[in-house]
Amino acid sequence: MQSYFNELEQVRYEGSQSTNPLAFHHYNPDEMILGKRMADHLRFAACYWHTFCWGGADMFGANAFDRPWQQPGDALALAKRKAEVAFEFFHKLNVPYYCFHDVDVSPEGASLQEYLNNFAVMTDVLAEKQAASGVKLLWGTANCFTHPRYGAGAATNPDPEVFSWAATQVFTAMNATRQLGGENYVLWGGREGYETLLNTDLRQEREQIGRFMQMVVEHKHKTGFQGTLLIEPKPQEPTKHQYDYDVATVYGFLKQFGLEKEIKVNIEANHATLAGHSFHHEIASAIALGIFGSVDANRGDPQLGWDTDQFPNSVEENTLVMFEILKAGGFTTGGLNFDAKVRRQSTDKYDLFYGHIGAMDTMALALKFAAKMIEDGQLDQIVAKRYAGWNSELGQQILQGKMSLEELSRYASQHNLNPQHQSGHQELLENKVNRYLFG
């Protein structure tokens, strides 16, 4: 079949002095960072949905892109053409992974049986493409939010028949992900929330989604899927309030249903800021709670209150993110998926490459600077010194439950405690970070 991106052979590393816009300037896959290849640290993935499914429409305008696979015609044939172009893109971009929703890669059809038949065909097509290209599946998921049946949610829907349809989609998408060697399976509750409490039973819906997640875990173990299950937090949009609001909320939900050892989180930068947090905060929180899994790398617009899904371009922001990830030992099954799309006015097909190349260079620089921070160790030393008192006999007795509130009160009185505030040195630390970044 004719190449779609026929003016490009493959994006390669050419160094920071290159002026070629279709080359990497900082991302060198084989460069060794802290004893590991850069590619193995970053584990880049391109997403199917924004890159090959979005037609450029927004709330005020129709599709703006002229994609051959988005024209009228046989849906299954167009899906196969889209797969051809997608894997050409993955290969030429030199990304090791990709991600998809079920209906990104396969036509939904007019019935449940058509959905199942189409997805089975396209799973075989994807398997062939993976084998031929060497590109692997980072994670799969099911779209249980776009179809009108999911207007009131999927797992939280008041109709158990809708719940059952969603269960069928997740069951099928999990099986496809396992068949394709996917390293994770993601659950995003796009409409698992409410518009108004006037028609919502919060306890009922929480019990429903809790049971749904338990069934997902049960199916994982029954089938022997070795990947990681991930929930992707988001506070709102499309619903007014969503139950997977942020990392801390997800952790509380997992604890309630006994799933905190079974499910981790896939953190998206733009979702973090919509929740009123920094991307750095959500990453650090997930690591502290032991549920860090994977990342959707993108950014929002601080002047806009919705999910703009722009490509990441802040080295400063992402250096702190990569610093946390490196300190925690790096990714295991997760990676950096670019859940990002070109702007509606970016109608040149090579804009898809420009967006991803810039994002990959951004994350590569962030990795390099984070590695410098790790190697230097000054930030960790300052933090360790700040909390050193908790390694003392008093601190350890408190943490180990060897002192009651009454005993602590007696200790403070007997030792005439008069602790003095010690500086947090925030400005000093910020200056140190800037020196890592800018010299």
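Every residue gets a Cβ built from N, Cα and C, even glycine.
Annotation source Swiss-Prot lists active site at H101 (among others). H101 (active site) carries a strand DSSP state (E or B). In sequence order, Y48, W49, G140, T141, A142, N143, A173 constitute the residues six or more apart from H101 (active site) in its chain with CB-CB distances below 8 Å.
The Cβ of D104 (active site) lies under 8 Å from the Cβ of Y48, W49, F52, C53, N143, each on the same chain and at least six residues away in sequence. Under the heading active site, Swiss-Prot lists D104 (among others).
Cβ neighbours within 10 Å of D339 (Mg(2+) 1 binding site), excluding its own Cβ and spanning all shown chains: 24. Under DSSP, D339 (Mg(2+) 1 binding site) is assigned to coil, being neither helix nor strand in the three-state scheme. According to Swiss-Prot, the Mg(2+) 1 binding site annotation covers E232, E268, D296, D339, on the basis of sequence analysis.
Non-local neighbourhood of D309 (Mg(2+) 2 binding site): H50, N270, N298, G300, D339, A340, K341, each in the same chain, at least six residues away, with C-beta under 8 Å from its C-beta. According to Swiss-Prot, the feature Mg(2+) 2 binding site maps to E268, H271, D307, D309, an assignment based on sequence analysis.
Taken residue by residue with DSSP, H271 (Mg(2+) 2 binding site) is part of a helix. Of the chain residues outside the Mg(2+) 1 site list E232, E268, D296, D339, W188, N266, I267, A269, N270, H271, V295, N298, N337 have their Cβ within 8 Å of the site's Cβ mean position. Here the C-alpha separation of H271 (Mg(2+) 2 binding site) and E232 (Mg(2+) 1 binding site) works out to 9 Å. The record gives E268, H271, D307, D309 for Mg(2+) 2. Within 8 Å of the mean position of their Cβ atoms, the other Cβ atoms in that chain belong to K234, A269, N270, L274, D296, N298, G300, T308, D339.
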